[in-house]
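Read the structure below first, then the notes.
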Amino acid sequence: MDFFFEVLIGGLLAGVMYALVAIGFVLIYKASGVFNFAQGAMVLFSALTFVSLLERGLPFWLAFVLTLAAMVLLALAVERVVLRPLVNRSPITLFMATLGLSYMIEGFAQALWGAQVHGLELGISDEPLAVGGMLLSSFDLFAAATAALLVLVLSLLFSKTRIGLSLRAVADDPVAALAVGIRLQRIWAVVWAVAGFVGLVAGLLWGARLGVQFSLSLIVLKALPVLIIGGFTSISGAIVGGLIIGASEKLAEVYLGPFVGGGIENWFPYVLALLFLLVRPAGLFGERAIERV
Amino acid sequence: MLYNEAGQFSTRYAQDRRVFRLRQDRHALLALLLFAFVAVPYLGNDYWFSAILIPFLVLSLAGLGLNLLTGYAGQLSLGSAAFMAVGAFATYNFELRVPGLPLLLSLALGGVCAALTALLFGLPSLRIKGFYLLVSTLAAQFFVQWALTKFSWFSNDSASGVISAPPLQLMGVDFSSPAGRYLFTLGVVVVLFWLGKNLVRSELGRNWMAVRDMDTAAAVIGIPLLKTKLLAFAISGFFLGIAGALWAFTYLGTVEPHGFDLNRSFQVLFIIIIGGLGSLLGNFLGAAFIVLFPILLSNLAGLLPAGLIDAGQVENLQKMVFGALIILFLIKEPEGLARLWQRFRERARRWPLRY
């Protein structure tokens with residue numbers, strides 16, 4: 001039984017890492033209705049920029065600030081070059097545009113900083129920690145704490161600041177928000193910048209875990225089932241979805257994997273998400289679409 | 001003048017229902033087919049057949065498969081490569097395990113297997129829509145790749161799941177030379193495109209378009225959604241499966257499951273975006289673009305002084321240009337390259353007059 005709980009908690013903590021990526025999606029989807037496939041590329045870009053700056057001898061905080069500035073610049077460019085000309089197009093068109101965007105960002109990141117694998121040391125030891133008789137990774141605990149902090153900061157941003165108020169207004173009803181004088185385009189830029197910040201945090205944690213390399217951009221594929229289970233429009237949904245995916249993936253690998261030959265964690269989250277969808281087509285926390293002719 | 005339809009009257013209903021109503025279209029198509037079947041095998045060399053023409057034809061077919069599903073029926077899919085893989089491995093297994101099965105029949109059976117797989121993963125499409133449907137097709141993508149690598153039965157216990165082409169023989173004629181493989185591919189592609197052209201003109205094709213434009217409205221006017229969507233998945237799977245088998249056997253010769261990964265799905269999706277969603281001609285234009293563009297870019301990079309750009313940078317550059325082109329197309333020409341051809345036709349109709 002101890003083993004079961006160890007796997008379960010390990011999975012839950014890994015799920016937090018998925019949720020970190022998924023939050024970036026939710027922010028953008030809520031504010032602009034764009035399903036941003038480029039979030040993974042943004043994670044890669046930010047982690048690669050950060051680690052390359054660090055390797056050039058910059059102190060930690062300066063590298064962080066510079067990378068954040070780069071993500072803001074990226075957000076401004078995306079709003080100006082991609083979102084603005086595509087305003088009022090169908091969601092599928094916007095999704096395909098972000099596919100193109102992810103190719104561009106990946107190519108740019110690797111052309112700028114090279115394609116080799118960088119190690120990233122955040123100064124947290126990845127040692128197993130004995131908590132109540134179970135072995136837990138201290139790094140995972142740190143990641144979970146970071147995620148909690150991030151969610152706290154985001155909810156403060158949303159509930160206490162003026163820009164957060166306009167973000168919520170846009171998420172609620174873009175047309176009404178336009179009518180009361182909120183500048184939609186500025187909101188898009190802000191939201192992409194915030195998603196870039198979330199991507200940076202996710203990139204640092206994932207980079208410290210896996211090494212900063214191209215496969216970071218593939219975690220977008222891990223985040224997709226998380227989003228589906230949680231619903232596209234809810235940050236708490238992203239967290240819950242991440243926890244569900246993380247825990248069930250690990251449990252399935254341990255208890256189900258041996259029967260089918262292992263390696264099922266690539267597709268298991270998708271099948272799980274599919275089962276969830278068949279019961280609740282808009283995810284756990286998603287808004288139910290009302291269809292009219 | 002070039003495209004003047006004046007004076008071409010239909011005197012029978014059969015004439016009105018023709019696939020190509022304009023005489024110019026029919027003649028141009030006939031000339032093109034003659035050129036492709038007769039002249040190209042004499043004119044082309046092995047490099048052209050193996051590196052350009054065969055992948056171009058196969059990718060056009062794959063584009064057609066996805067276009068039926070995404071461009072006509074409006075169901076977004078990122079699992080094209082999975083259905084291609086099913087087609088390839090099923091054809092291989094039919095050839096291997098049923099001795100004496102004609103090649104074309106096992107090709108068709110491979111397509112049917114892919115269609116059944118697509119049908120299975122298309123089942124959720126009635127309940128879930130839009131982006132949520134991506135999950136189903138991505139599940140297909142990852143599951144099929146996992147199953148093909150995990151269970152070595154599919155690849156006849158070969159190392160790392162590699163399969164190699166059965167002998168390409170049709171009624172005693174050997175098609176294994178580059179020109180032969182080209183002709184074989186061309187024949188299959190032409191037949192399937194003819195089928196596709198007729199499909200999208202049929203009742204089913206019109207139902208697809210109604211579902212694409214608004215499925216609630218389509219259901220209200222009495223189009224059976226379940227049947228229409230599932231048929232879109234199955235038929236798209238059939239076309240993709242045959243494209244996958246051709247990709248494995250006439251283009252590459254040997255293939256492993258990894259050759260049908262997510263990037264292949266993206267490639268097929270890009271073909272139909274660049275070529276044009278909901279257009280048959282667009283598949284050819286998009287595939288030509290996808291095949292020729294990397295060759296062009298690496299040739300251009302070769303012209304630069306040596307050492308200025310290394311191979312890795314060319315690849316990065318290619319990715320960036322590709323991404324930029326996708327965005328550019330979506331902004332400037334959302335209907336793709338096929339739209340350019342339509343514009344040309346409009347102009348050719350009244351040339352040399354102004355209007």
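Just so you know, glycine gets a Cβ as well, placed from its N, Cα and C.
Positions annotated as transmembrane segment by TrEMBL: B:27-43 (among others).
Residues or ranges marked as transmembrane segment by TrEMBL: B:49-69 (among others). Listed as Cβ neighbours of the transmembrane segment (B:49-69) (distance under 8 Å, sequence separation of 6 or more from its ends, same chain) are residues 40, 75, 77, 80, 83-84, 178-179, 181-182, 185-186, 188-189, 192-193, 196, 199-200, 208, 232-233, 235-240, 242-244, 246-247, 250-251, 267-269, 271-272, 275, 277-280, 282-284, 286-288, 290-292, 295.
Taking Cβ pairs closer than 8 Å, the transmembrane segment (B:76-94) reaches residues 62, 65-66, 69-70, 101, 105-107, 109-111, 113-114, 117-118, 121, 130-131, 133-134, 136-141, 143-145, 148, 154-156, 163, 166, 236-237, 240-245, 247-249, 255, 257, 259-266, 268-269 in its own chain, all 6 or more past its ends. Annotation comment: TrEMBL describes B:76-94 (among others) as transmembrane segment.
The transmembrane segment annotation in TrEMBL covers B:100-123 (among others).
Among the features that TrEMBL reports, transmembrane segment is placed at B:130-148 (among others).
Feature annotation from TrEMBL assigns transmembrane segment to B:179-196 (among others). Within the chain carrying the transmembrane segment (B:179-196), a Cβ under 8 angstroms from the stretch's Cβ atoms is held by residues 19, 33, 36-37, 40-41, 44, 49-50, 53-54, 57-58, 60-61, 64, 68, 104, 107, 168, 170, 239, 242, 246, 250-251, 280, all 6 or more beyond its ends.
TrEMBL lists B:230-252 (among others) with the feature transmembrane segment.
Feature annotation from TrEMBL assigns transmembrane segment to B:264-282 (among others).
Sequence annotations record features per position, and here TrEMBL assigns transmembrane segment to B:289-309 (among others).
Feature annotation from TrEMBL assigns transmembrane segment to B:321-341 (among others).
Most Cβ pairs within less than 8 Å of the transmembrane segment (B:100-123), among stretches B:27-43, B:130-148, B:230-252, B:264-282, B:321-341, belong to B:230-252. Same-chain residues lying 6+ beyond the ends of the transmembrane segment (B:130-148) with a Cβ under 8 Å from its Cβ atoms: 75-79, 81-83, 85-86, 89, 117-118, 121-122, 124, 154-155, 161, 257-258, 260-262, 265. Proximity of distant same-chain residues to the transmembrane segment (B:321-341), defined by a Cβ-Cβ separation under 8 Å and at least 6 residues beyond the stretch ends, is recorded for 270, 272-277, 279, 281-282, 285-286, 289, 293, 297.
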